[in-house]
Every structure is written in C-alpha cells, then in structure tokens.
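Some features that Swiss-Prot has for this protein:
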type     : residues                                               : note
REGION   : 1-265                                                  : region 'Amidoligase domain'
BINDING  : Ser13, Lys222                                          : UTP binding site
BINDING  : Ser13, Asp146, Ile147, Glu148, Lys222                  : CTP binding site
BINDING  : Ser14, Leu15, Gly16, Lys17, Gly18, Leu19, Asp71        : ATP binding site
BINDING  : Asp71, Glu139                                          : Mg(2+) binding site
DOMAIN   : 290-536                                                : domain 'Glutamine amidotransferase type-1'
BINDING  : Gly352, Phe380, Gly381, Met382, Gln383, Glu403, Arg464 : L-glutamine binding site
ACT_SITE : Cys379                                                 : active site, nucleophile
ACT_SITE : His509                                                 : active site
ACT_SITE : Glu511                                                 : active site
Amino acid sequence: MVHFIFVTGGVVSSLGKGLTAASLAMLLQAKGFRVSVRKLDPYLNIDPGTMNPHEHGEVYVTDDGAETDLDLGHYERFTGVSACKFDSITTGAIYSKLLKDERLGNYAGVTVQVIPHVTNIIKDFILSNTKGVDFIICEIGGTVGDIEGLPFFEAIRQIGNQLKSENCLFIHLTLLPYVKTARELKIKPTQHSVKALRAIGISPNILVCRAERNISKGEIDKISLLCNIESEYVVPAIDQKNIYLVPIAYHNSGLDNKVLKFFNINIMPSKLDKWHDIINRLKDSNSKVRIAIIAKYHKLKDAYKSVIEALDHAGIYYKYKIDLVWINAENLTEENINKKLLDIDGILVPGGFGERATKGKIIAIKYARTNNIPFFGICFGMQLATIEIAQNLIGIKDAVTEEFKVDGTKIIEKINKNCEDSKITIENVKKTMRLGSYPCSLVAGTIAANAYKSLEINERHRHRYKFNNEFQNIFEKHGIVFSGFSKDEEIVEIIELPLLRWFVGVQFHPEFKSKPFEAHPLFIQFIKAAIEYNKCN
C-alpha cells in the first residue's frame with residue numbers, strides 16, 4: 001500500500017516546502033524506499049511555460065517535455081529520480097480539463113461545481129500513477145488561507161478521511177520569526193497557521209518550524225502545548241548555509257524516523273555516505289573561482305536556479321567555492337566591460353528569450369573569446385555565440401537571429417520554417433517549441449566527446465530556433481567545430497572553439513541533469529578550465 005505525505009505551508013511563502021519535500025524523499029530513499037514527489041500549484045496558468053520569470057522563476061523542463069515549477073528541480077537533484085508530466089499540476093490545468101469534459105458532456109448534465117468535480121480531479125491526480133512506489137510526497141503550493149488553494153486543501157482533507165492515518169500524513173511547515181528587540185522566537189504566527197489549517201479540516205501530524213536560530217526544548221514544548229501536537233513531532237528547521245546541508249539537518253532532527261514511526265514502519269538504517277561526502281567536500285572548499293553570469297534577470301536568481309546549482313555541483317566536485325558575479329547584460333558596454341569583468345575566471349551566458357539585453361551578452365561573448373577566458377553558452381547563449389562569431393570573426397556584420405530580426409543574414413533560424421510569426425500564440429506556442437529530452441550524437445575527439453566519455457547522449461531542450469546549417473562550412477573554415485548534432489543531423493547541438501582555453505556552446509540545457517553527487521560533465525569541464533585560468537592569472 002502506498003503511503004501519502006502532504007507538505008503544506010503557513011505564515012509566509014518561500015519557506016522551503018520544496019526543499020523539505022525533496023529532503024524527506026531523499027531520506028526515505030536512503031532507507032531503501034521508493035519515493036515519488038509531486039507539486040500542486042494553485043495558480044490559474046496551465047503551466048509556467050509562458051510565465052515571466054519575475055512572476056515564477058525558472059521553468060524546469062522534464063525528460064518528457066513538461067514545463068514545470070522549479071521545485072521539481074529540487075526533487076530531481078536530491079533523489080536522482082527523473083520527474084515527469086504526471087508530477088506537476090496547476091489549477092489552470094485542472095479547470096482546462098474540467099471545462100473540456102463539461103463541453104463534451106462527460107458530466108451528464110449535472111451542475112459542475114468545485115466540490116466534488118474540481119476536488120475529484122485533484123484527488124485523481126494524487127491517487128494515480130502509484131505503481132512501483134512506497135511513498136508519494138505531495139507539496140501544496142502557496143500558504144494555508146490563500147483562497148486559490150482551498151480546493152487543494154479540501155481534496156487532501158478528503159483523501160485523509162478516505163485513507164485514514166495508516167496511509168496518510170500531513171506535514172505543516174511554518175515560520176518562527178525572531179524578534180531581535182525581544183530576543184525571542186515568536187510562536188503566535190505558527191499557532192494561527194495551525195488554527196487556519198484545522199479550520200478547513202486538516203490537523204497536522206508533524207509540524208516543521210523554520211527559524212534562523214536554534215529552537216530550545218522549552219520553545220518546542222510551548223509549540224506542542226499551544227498547537228496540540230506532541231513535542232516529538234515538532235521538528236526544527238534551522239537555516240543552513242547551503243541547501244545540500246538541509247537533508248542531513250532533517251535526518252539529525254529525526255524527521256525520517258518520525259515519519260516511519262507514524263506509519264508504524266520498522267525503522268531501518270540510512271545509507272547517507274554520498275551525502276556525508278558532499279558535506280565534507282563543502283567543508284573542505286577553501287579556494288574559490290569567480291564565474292560571471294551575464295543575465296537579463298540579474299536580480300532574480302531563481303530565474304537561473306538550475307544553472308546556479310549545476311555550477312555548485314561542479315564546485316563540490318573540485319572542492320571549490322563558486323563565487324557568482326551577476327552582470328546586468330542591459331548595462332554592459334564595450335567601455336565598461338573591462339571593469340565589470342575584472343578578475344573573472346569564467347563567463348556563462350544562460351538561456352533566455354527575447355531581444356532585450358542581447359547586445360550586452362554579445363559584448364560579453366566577444367570579450368571571453370578575444371581574451372581567452374573560459375566561456376559556456378547555454379541555449380540562447382550558444383545562439384548568440386554563433387552571431388558574435390559571425391559578426392566579429394567571420395565578418396558577417398549583419399548576422400542576426402530570426403527570433404527578433406527580419407532583416408539581415410539569419411545565422412539563427414526557426415526549427416519549424418512553416419510556422420509564421422502570426423501563428424505563434426499562447427494557444428499553440430508548445431507546437432513550435434522543441435521540448436524535453438532528445439538524443440544527440442557527438443563527434444569523436446572533441447571537447448564534448450571527451451567530457452561525456454561517450455558519443456551518444458540525451459539532453460533536455462527548450463527552444464524553437466536553431467543554427468542555420470547553410471553557414472556550417474564557413475564557420476568551420478574559421479576554426480569552429482560542430483561537435484554535436486541531433487539524430488537527423490538537422491540541428492546543431494554543440495559548438496566549440498578548440499584553439500581557445502575552453503569555449504563551448506550548447507543548444508540544450510545541461511543544468512537540468514546535474515546532481516550534487518553527480519555533477520554534469522560539461523559543468524565539470526567548464527569549472528576545471530576556470531580553475532586553471534585562475535591559477536594562471
């Protein structure tokens with residue numbers, strides 16, 4: 001029988017529900033259990049694929065092409081289990097299905113309502129695709145009390161009644177704010193959060209309390225008394241310097257064992273060797289390397305969450321701290337770039353869409369190429385690298401991308417040439433996008449092949465434009481190596497400048513497949529080149 005665990009949050013958003021769910025999943029895995037983690041988001045968008053990063057942060061792409069919440073990235077990185085389209089749902093997707101079914105007459109003429117019709121769809125999502133797992137952990141987005149989240153809370157309340165405590169556990173994450181003038185953690189917000197949760201029929205079984213400092217036994221006992229939860233099931237969640245310290249912190253607080261005890265499951269020893277190795281490597285990371293990220297959303301780090309984590313994974317691999325320098329691409333010019341990129345050991349241009357800030361990114365790519373600084377271009381970053389090379393090395397001064405330039409030499413073109421711009425709407429945008437995992441063939445003896453130690457790989461994609469193959473010969477005459485292609489050889493996947501220290505651009509998103517215990521080979525090689533550059537300078 002599958003055991004269901006629901007992770008909810010209160011007091012404030014962004015408390016770390018995703019990290020809590022991912023950490024618990026990993027800890028249960030370490031005891032030999034098979035775990036699946038899912039995210040239920042209450043917003044009305046069908047998925048985050050067309051949402052502004054300022055609204056949502058990174059769009060995380062799964063192997064099967066689902067555009068999902070960045071929390072699924074945490075789930076994958078912590079557990080090593082690939083997520084899929086069945087691991088994420090939104091209110092928008094639920095209502096889309098409901099209204100389609102209503103128009104098809106599937107409700108047989110009854111009045112369609114939130115209860116039971118919306119809640120039934122939510123319950124079906126939670127209770128389906130359970131084969132081969134022991135635990136399903138469901139993170140409910142938002143906080144208790146949010147009006148848009150009520151159908152989700154009602155659905156999990158019903159599941160709780162249906163499955164009883166033998167197979168259903170509620171974990172509630174709250175904040176204990178520290179008031180410096182009073183020199184104490186305040187419990188009142190947690191009381192109100194638990195009260196609000198109980199008001200909709202859910203009594204938390206485990207209360208996880210986020211705080212910036214240690215929670216005393218007296219404070220835990222007080223929380224237990226006022227929230228009517230046994231003190232044993234009040235779990236501290238103290239701020240950590242690095243997110244990869246969180247799972248072991250939860251293990252040390254006994255969260256995994258408390259879950260097993262609640263379900264009356266025999267407590268087994270945990271195999272946490274690889275996580276202790278990560279912690280030791282983090283402790284031993286005394287040297288640092290400075291990486292500049294040339295970004296459009298330089299103030300919103302969550303827009304590049306997986307890139308940041310993938311860089312950290314490579315840092316863990318080499319026992320180096322990654323010192324990220326965020327550069328606003330919009331303000332980068334030929335005049336200030338020397339000052340902006342002073343003492344930088346590597347330059348990374350991440351993926352993105354749209355014309356804004358592209359000029360600064362191209363200037364940064366030229367700076368990396370002409371100064372032989374390790375460079376890594378991802379997706380749009382690779383496309384801009386080919387434009388920079390065309391303009392400044394080959395001499396095609398009017399080189400452009402078809403994404404936002406009609407006039408000029410189109411170095412970057414649409415994948416689907418039959419799709420007119422007027423047809424690219426929210427309704428059919430996915431039809432024009434190359435999404436999910438695709439195979440890629442590498443050329444032997446190249447930087448990419450040596451990094452992967454294989455000639456056949458699979459990587460995740462999210463793009464609708466590609467390199468124009470008509471220019472392959474002229475690029476090759478100027479020293480550019482095309483080292484990776486799609487299976488049909490229609491799409492250039494990787495470019496290299498082998499005469500430089502390390503200059504690589506990829507059409508895919510390698511950051512989505514990097515793990516703290518298995519850093520991605522391209523990020524490993526990029527950081528290796530940056531470390532060597534640092535030592536030489």
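Heads up, the Cβ atoms here are built off N, Cα and C, so glycines get one too.
Residues Gly351, Phe353, Cys379, Leu384, Thr401, Ile412, His463, Tyr465 surround the recorded L-glutamine site, their Cβ atoms falling within 8 Å of the Cβ centroid of Gly352, Phe380, Gly381, Met382, Gln383, Glu403, Arg464, which are themselves excluded. Within the same chain, residues at least 6 positions away in sequence whose Cβ sits under 8 Å from that of the residue listed as 'active site, nucleophile' are Pro350, Gly351, Gly352, His461, Arg462, His463, Val506, Gln507, Phe508, His509. Recorded residues Met382 (L-glutamine binding site) and Glu139 (Mg(2+) binding site) have their alpha carbons 35 Å apart, per Cα-Cα distance. Note: the CA-CA distance between Glu148 (CTP binding site) and Ser13 (UTP binding site) rounds to 14 Å. Cβ-based crowding with a 10 Å cutoff singles out Lys17 as the top-ranked of the recorded positions Lys17, Lys222, Arg464, His509. Looking only at the binding-site residues Gly16, Gln383, the densest Cβ neighbourhood within 10 Å occurs at Gln383.
For Gly381 (L-glutamine binding site) paired with Asp71 (ATP binding site), the C-alpha to C-alpha distance reads 24 Å. Per-site Cβ counts within 10 Å over the recorded positions Asp146, Glu511 peak at Glu511.
When the alpha carbons of Glu139 (Mg(2+) binding site) and Gln383 (L-glutamine binding site) are compared, the span between them is 36 angstrom. For the region 'Amidoligase domain' (1-265), the model's pLDDT averages out at 95. If you take the C-beta of Ile147 (CTP binding site) and look for same-chain residues 6 or more apart in sequence within under 8 angstroms, you find none. Reduced to three states, the DSSP call for Gly16 (ATP binding site) is coil. The Cα atom of Lys222 (UTP binding site) lies nearest to that of Gly18, taking the binding-site residues Gly18, Asp71, Glu403, Arg464 as the candidates.
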